[in-house]
Amino acid sequence: MVTDVALACLGLVILLLAGDALVRGAVNLALRLGIPAFLVSLTIVAFGTSAPELLVSVQAILTGAAGIALGNVIGSNIANVLLVLGVPAMMTGLHTSGCDTRKTYVMMMIATVVFIGLAYTDLFNWLDGTVLLLLLAVLLGDAFRTAIAHRRDTKAAACAAGDDLEDLEGADASMPGWKVALFLVLGLIGLPLGADLLVDSAVNIAEELNVPDTVIGLTLVALGTSLPELATTVMAALRGQTEVAIGNVIGSNLFNLLAIIGIASFVGPIPVAPETLQLDIWVMFAASAILFPFVFMKRDMGRGTGVVLTAGYVGYLLVVII
């Protein structure tokens, strides 16, 4: 047991370091190529911080613990809203009234509803994965079209590709190409290593404590793989880049639902536990819906809101564990 806990902690540390390296490399590569901050936060940063969830979910299916794969995604999406936004809001407050993320938020809610509908078939298979990946393709196509439209305005493109990106964590216009490549390689090597350690240890702990795989996925694994999002969002909030923080969370939730389960469904079937349909999937929906007034009614997330969101996540964990 002690060895498994130690290996799980080591896996989490490796995931954090590798995820951070991948994000730093991707952001600096985007900066060198002049890609707008909007596209970076919604796609590259979001996908980079969601990479641990992808590798953990695939590894879980390969080791016969598909419950961790689904629990990891649902738990991560819950953590992304309640914890990843709650903590920075509690620390500094988030000026969300100045962000225009309505289109991406609507896409996230559509993806959430489609995901819930597919979950009620009691099994995610390759056909379900195809539907999710097609939705992802639509999302990416729209994001790139938006980026091209932004680049047509030279002044807006200069602001987005220069000032905004430099405010992202780890962005450095002077970073040499070899260092960017090194960050990317370290991230790509470290992520599968950390995922393997984390999933194997989590399965062993679950077996020794007679805890269902889904519960472990919803708590330990989901929280651990959400830490890259938390670190990125906190840094963005501290630097006043609220749009990057919100874009990272919405983008990560989209990738979790569409890319991770979509790809994992091709690796193997993912059964949906009855308790997941009764509680967890609806907590995920409610957490996503909570963002509505902040996105559409232009309300800021004050410290009080941050406390409520964080307390909500702690309460959810207690319900799952007890």
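Just so it is clear, glycine is given a Cβ too, placed from its N, Cα and C backbone atoms.
Feature annotation from TrEMBL assigns domain 'Sodium/calcium exchanger membrane region' to 5-140 (among others).
What TrEMBL records for 181-321 (among others) is domain 'Sodium/calcium exchanger membrane region'.
Annotation source TrEMBL lists transmembrane segment at 29-47 (among others).
For 54-72 (among others), the entry in TrEMBL reads transmembrane segment. With a cut-off of 8 Å between Cβ atoms, the residues of this chain six or more beyond the transmembrane segment (54-72) that come close are 124, 191-192, 194-196, 198-200, 202-203, 206, 212-218, 221-222, 225, 255, 259-261, 263-264, 267-273, 276, 280.
Marked as transmembrane segment by TrEMBL: 104-120 (among others). Among residues of the same chain six or more beyond the transmembrane segment (104-120), those with a C-beta under 8 A of the stretch's C-beta atoms are 42, 128, 131-132, 135, 139, 142, 247, 250-251, 253-254, 257-258, 261, 272, 276-277, 281, 284-285, 288-289, 291-292, 295-296.
When Cβ-Cβ distances below 8 Å are used as the criterion, the transmembrane segment (126-144) is approached by residues 39, 42-43, 103, 107, 110-111, 114-115, 118, 254-255, 257-259, 261-266 of the same chain, each at least six residues removed from its ends. Feature annotation from TrEMBL assigns transmembrane segment to 126-144 (among others).
As annotated by TrEMBL, transmembrane segment applies to 177-195 (among others).
Annotation comment: TrEMBL describes 215-238 (among others) as transmembrane segment. With a cut-off of 8 Å between Cβ atoms, the residues of this chain six or more beyond the transmembrane segment (215-238) that come close are 8, 11-12, 15-16, 19-20, 23, 45, 48-50, 52-53, 56, 60, 67-76, 78-80, 83-85, 87-89, 91-92, 94, 167-169, 198-199, 202-203, 205-206, 244-245, 248-249, 252, 280, 317, 320-321.
For 245-267 (among others), the entry in TrEMBL reads transmembrane segment.
Per TrEMBL, transmembrane segment is recorded for 279-297 (among others). Listed by sequence, the residues of this chain that lie at least six past the ends of the transmembrane segment (279-297) yet keep a Cβ under 8 A from its Cβ atoms are 71, 74-75, 77-78, 81-82, 85, 96-97, 99, 101-102, 105, 108-109, 112-113, 116, 119, 214, 218, 246, 250, 253, 309, 312, 316, 319-320.
According to TrEMBL, the feature transmembrane segment maps to 304-321 (among others).
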Apart from its near flanks, which chain residues at least 6 from the ends of the transmembrane segment (177-195) lie with a Cβ under 8 angstroms of it? 11-26, 28-29, 32, 48, 51-52, 55-56, 58-59
Cβ under 8 Å, sequence separation of at least 6 from the ends of the transmembrane segment (304-321): give me the contacting residues as numbers and ranges. 78-79, 81-83, 85-91, 93-94, 215, 218-219, 279-280, 283, 287, 290
Residue counts (helix, strand, coil, in that order) that DSSP gives for the domain 'Sodium/calcium exchanger membrane region' (181-321): 121 helix, 3 strand, 17 coil
